[in-house]
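Enquirer: One structure follows; several queries about it will come next.
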Amino acid sequence: MAAPPKAWKAEYAKSGRASCKSCRSPIAKDQLRLGKMVQASQFDGFMPMWNHARCIFSKKNQIKSVDDVEGIDALRWDDQEKIRNYVGSASAGTSSTAAPPEKCTIEIAPSARTSCRRCSEKITKGSVRLSAKLESEGPKGIPWYHANCFFEVSPSATVEKFSGWDTLSDEDKRTMLDLVKKDVGNNEQNKGSKRKKSENDIDSYKSARLDESTSEGTVRNKGQLVDPRGSNTSSADIQLKLKEQSDTLWKLKDGLKTHVSAAELRDMLEANGQDTSGPERHLLDRCADGMLFGALGPCPVCANGMYYYNGQYQCSGNVSEWSKCTYSATEPVRVKKKWQIPHGTKNDYLMKWFKSQKVKKPERVLPPMSPEKSGSKATQRTSLLSSKGLDKLRFSVVGQSKEAANEWIEKLKLAGANFYARVVKDIDCLIACGELDNENAEVRKARRLKIPIVREGYIGECVKKNKMLPFDLYKLENALESSKGSTVTVKVKGRSAVHESSGLQDTAHILEDGKSIYNATLNMSDLALGVNSYYVLQIIEQDDGSECYVFRKWGRVGSEKIGGQKLEEMSKTEAIKEFKRLFLEKTGNSWEAWECKTNFRKQPGRFYPLDVDYGVKKAPKRKDISEMKSSLAPQLLELMKMLFNVETYRAAMMEFEINMSEMPLGKLSKENIEKGFEALTEIQNLLKDTADQALAVRESLIVAASNRFFTLIPSIHPHIIRDEDDLMIKAKMLEALQDIEIASKIVGFDSDSDESLDDKYMKLHCDITPLAHDSEDYKLIEQYLLNTHAPTHKDWSLELEEVFSLDRDGELNKYSRYKNNLHNKMLLWHGSRLTNFVGILSQGLRIAPPEAPVTGYMFGKGLYFADLVSKSAQYCYVDRNNPVGLMLLSEVALGDMYELKKATSMDKPPRGKHSTKGLGKTVPLESEFVKWRDDVVVPCGKPVPSSIRSSELMYNEYIVYNTSQVKMQFLLKVRFHHKR
């Protein structure tokens, strides 16, 4: 689930309706309240649990840091100070506090293992370090600081009374005393520079006060004063300016609230080209900001309005119908003219203010960055990560691939996490890289100690989001249970299926009225807001026509704990009316627009319907499929059981992190998958287009396209697709989903589908005949498999179990033209997932559709083959638990080949060439090649170094761009023997 922006929220109560969660008494309107952000149980989002501020202040250690409080800089200064004082810091952004000298320690660092609590950088061995252990710190260990960092937050510390003072050298003592004197001197100077502000003239807040030169050693960084060494030597001066600024803003807002109506506020905002939407408190904020600092220019990304919140200016608009605009700035563009008041206004307060207005406006002073954000550039990445809690993560890793495991270990160690080579009771989680081996000793130990076992995607999300995330949605054990028990059970009646959560799937059906099928599955993913929601809407009619119900179910994708459902009985007419009302409310479009696929337009912040294809009516039910005899050969019968095993498809969907709790297995329509390809292609174009668009614009458009993809293809863990590797993975996932969609119509994933395996075999429209193990073809294929294992593929060996000859309906007729007219025909390998083979056998090998991105294809979109078996076997994606895969041997008419030594983007080879060959550095020994059926070459020689120099390819690849150049000849059932 998405993490809340901050753990706490501070504001003045909008009404008097909320009650304090601590004392249970009402929180009066305009009273300061503090809300702890928690995951809502009834909707996909976070909600504040409101408390009186005084109730929180009466408890210890509730708020860990000022940085954890959203909206603190929008409060009155006195209320800001109350929160800072509670946390224990006299300045915004720090979480340290003063402590009695007897509880403080000073010493020479014996090693470089500790990090400074303020700046998060390492404390070098032999340097002076200080600590102030407080009761509020709890059992976290001693918080150590650099000397400079300690005196910034405790400038008046009596260091001579610290424990360990006498152990320092005379030189170190002099250095410490000089630091104390310097810091005290700076504070005294700052205190003496305070001036009393005029109470009568709002505009007396002069630009000179905000733009005066900074003290030596500081630089301006995006509107904030930051010391390049990580210490802000003018923090007291900034605090003074922030106090004066806050007092001035609140004086102005109080005056506007007293003397200006909400309608006049909107008129004033409209006169200055500002956003006029929202409640009165938002209007007051925008007006006060504009009157004091000048009217804001439009967002450079989407041209919508900007507003100030949480230390920066953010866009209030949408970059597209799929996403909110993510643009933000600390130095927004301001309109270089006076702030206008409504034309013809008679409001004395506004007219008096307008006459006193100065043309030159001051620049808004922003709160200083937190210590972890203001460090040196060299340590910015590490500081950010450790400040968010990755330095607290204790983990161990298990996996079949040591290279992948070591890569993740290094990434997390770089981020500050603590790696354990073995599972011990103190670690937080065990990270599984690749398939989980249930027999692994570390896995068994983790289960015994009840340590969460999480998938490797958890690491990537932690690193991307720069913090330690909850384990719940990444637990591999939970996902396995979900795949077994939470996949929706579909009982198709007519043209649709009643949702099983309604409890009516056995006695009722979805209402159909002519062409209308009153069933909708809606989805919405917004990565900027952390939203990943679904909404199911159905009209359910009893089979006897006696009653009608409107059923709705909603929640967060992949979570059974968040959401709810409702079943309401009503007449047929009322049910249709209510269904259409809810559809309009959730999507912003009429039901008729979706049915007719005309004038339907995705609306910002609204759901989008998914195309769910339940297929046609099934064959008549049979009583007991297990008792039915099969006419298929035993080897073929076992193959059909492999191909039509529903659990295999469920496992694939789980691997892809597709939402199976609300998305019927295999029912995502072809149209939806094509739209998913289009979204990926848009992302690919944005990733390539680095010159023509500003970074902020490109980022917003990438977020919008990612939202679009994960709305169309519901996923448990949506994220922003930022790189080519991730894009390629998603494209391959969609290709696999296409085959699963095809398989769903043949396999029959419905719970009451009971066709025999013979019936399903007939639906493949492909003659499949097992070969005798003593036949010439079988022996040749076995030799080909055993000889052509590449030397670098050492993790497994291959054993041939069965070979089947193939004759797909119509394929030979299409191939005959190329067979007769092209020379250079070869029998080549092709590997694919088990879940893809129903689609392959029934429709042949297919080239990626035009709407798919070209990412991941070395030589463009085509059909790829290999002459070394292990090169293709990699794409079977088998594991220890399911070690049997399927492979193809196809006759490929290559003709004249376009030979290349490195990846080259193309749609097809040049004129006169019929295929492309990527030249590898290791090839089959040509002297061992044999001819099959007179003119087809079988490159079954052992791998040897080639004569090709400077090639970027390890092994040969063969690519054709026309499916008619391929004739599938053999299907192989292969067992993988994993060596580790």
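The backbone N, Cα and C atoms fix where each Cβ goes, and this holds for glycine too.
Not my notes, these are from Swiss-Prot:
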| type | residues | note |
| --- | --- | --- |
| BINDING | Cys20, Cys23, His52, Cys55 | Zn(2+) 1 binding site |
| BINDING | Cys116, Cys119, His146, Cys149 | Zn(2+) 2 binding site |
| REGION | 180-236 | region 'Disordered' |
| COMPBIAS | 198-212 | compositional bias 'Basic and acidic residues' |
| DOMAIN | 230-368 | domain 'PADR1 zinc-binding' |
| DOMAIN | 257-291 | domain 'SAP' |
| REGION | 294-338 | region 'Zinc ribbon' |
| BINDING | Cys299, Cys302, Cys315, Cys325 | Zn(2+) 3 binding site |
| REGION | 360-382 | region 'Disordered' |
| DOMAIN | 507-607 | domain 'WGR' |
| DOMAIN | 755-980 | domain 'PARP catalytic' |
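For the listed features, I'd like the structural context: burial, neighbours, distances.
Expert: In three-state terms derived from DSSP, Cys20 (Zn(2+) 1 binding site) belongs to neither a helical nor a strand segment and is classed as coil. Residues within less than 8 Å, Cβ to Cβ, of Cys20 (Zn(2+) 1 binding site) and separated from it by at least 6 positions along the same chain comprise Pro26, Ile27, Arg33, Trp50, Asn51, His52, Cys55.
All protein chains included, His146 (Zn(2+) 2 binding site) registers 24 other Cβ atoms within 10 Å of its own Cβ.
Here the domain 'PADR1 zinc-binding' (230-368) returns a mean pLDDT of 89 for the predicted model.
Within its own chain, the domain 'SAP' (257-291) is flanked in space by residues 14, 74, 249, 298, 304-305, 307-308, 316, 335, 339-343, 345, 347-350, 353, 357, 364, which lie at least six positions past its ends and keep a Cβ under 8 Å from the stretch.
Note on the region 'Zinc ribbon' (294-338): residues 5, 70-71, 73-74, 222-224, 272-275, 277, 282, 285-286, 354, 357, 359, 361, 363-364, 366-367, 526-529, 601-605, 694, 696-697, 699-701, 703-705, 707-708, 711 of its chain, located 6 or more positions outside it, place their CB under 8 angstroms from a CB of the stretch.
Using a 10 Å radius centred on the Cβ of Cys325 (Zn(2+) 3 binding site) and all shown protein chains, the other Cβ atoms total 26. Look at Cys325 (Zn(2+) 3 binding site): DSSP puts it in coil.
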Enquirer: Taking helix as H, G and I and strand as E and B in DSSP, count the residues of the region 'Zinc ribbon' (294-338) in helix, strand and coil.
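Expert: For that range the per-state counts are 0 helix, 17 strand, 28 coil.
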Enquirer: Please state whether DSSP places His146 (Zn(2+) 2 binding site) in a helix, a strand or coil.
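Expert: Assignment for His146 (Zn(2+) 2 binding site) reads strand.
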Enquirer: Need the DSSP three-state call for Cys116 (Zn(2+) 2 binding site) to compare against my parser.
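Expert: Its secondary structure by DSSP: coil.
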Enquirer: Provide, as an integer number of angstrom, the distance between the C-alpha atoms of Cys23 (Zn(2+) 1 binding site) and Cys315 (Zn(2+) 3 binding site).
Expert: 38
Enquirer: Going by DSSP, give the three-state secondary structure for Cys55 (Zn(2+) 1 binding site).
Expert: helix
Enquirer: Between Cys315 (Zn(2+) 3 binding site) and His146 (Zn(2+) 2 binding site), how far is it from one CA atom to the other, in Å?
Expert: 39
Enquirer: Give me the CA-CA distance between Cys299 (Zn(2+) 3 binding site) and Cys116 (Zn(2+) 2 binding site), in Å, as a whole number.
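Expert: Cα of Cys299 (Zn(2+) 3 binding site) to Cα of Cys116 (Zn(2+) 2 binding site) measures 39 Å after rounding.
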Enquirer: Cα-Cα separation of Cys325 (Zn(2+) 3 binding site) and Cys116 (Zn(2+) 2 binding site), in Å?
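Expert: Counting only the Cα atoms, the answer is 36 Å.
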Enquirer: Other than Cys20, Cys23, His52, Cys55, which residues of the chain come within 8 Å of the Zn(2+) 1 site, judged by Cβ distance to the Cβ centroid of those residues?
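Expert: Apart from the listed residues, the neighbours are Lys21, Ser22, Arg24, Ser25, Ile27, Asn51, Arg54, Ile56.
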Enquirer: Counting Cβ atoms within 10 Å of each candidate's own Cβ, which of the binding-site residues Cys55, Cys116 comes out highest?
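Expert: For the binding-site residues Cys55, Cys116, the Cβ with the most other Cβ atoms within 10 Å is Cys116.
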Enquirer: May I have the DSSP-based helix, strand and coil counts for the residues of the domain 'WGR' (507-607)?
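Expert: With helix first, then strand, then coil, the domain 'WGR' (507-607) has 22 helix, 44 strand, 35 coil.
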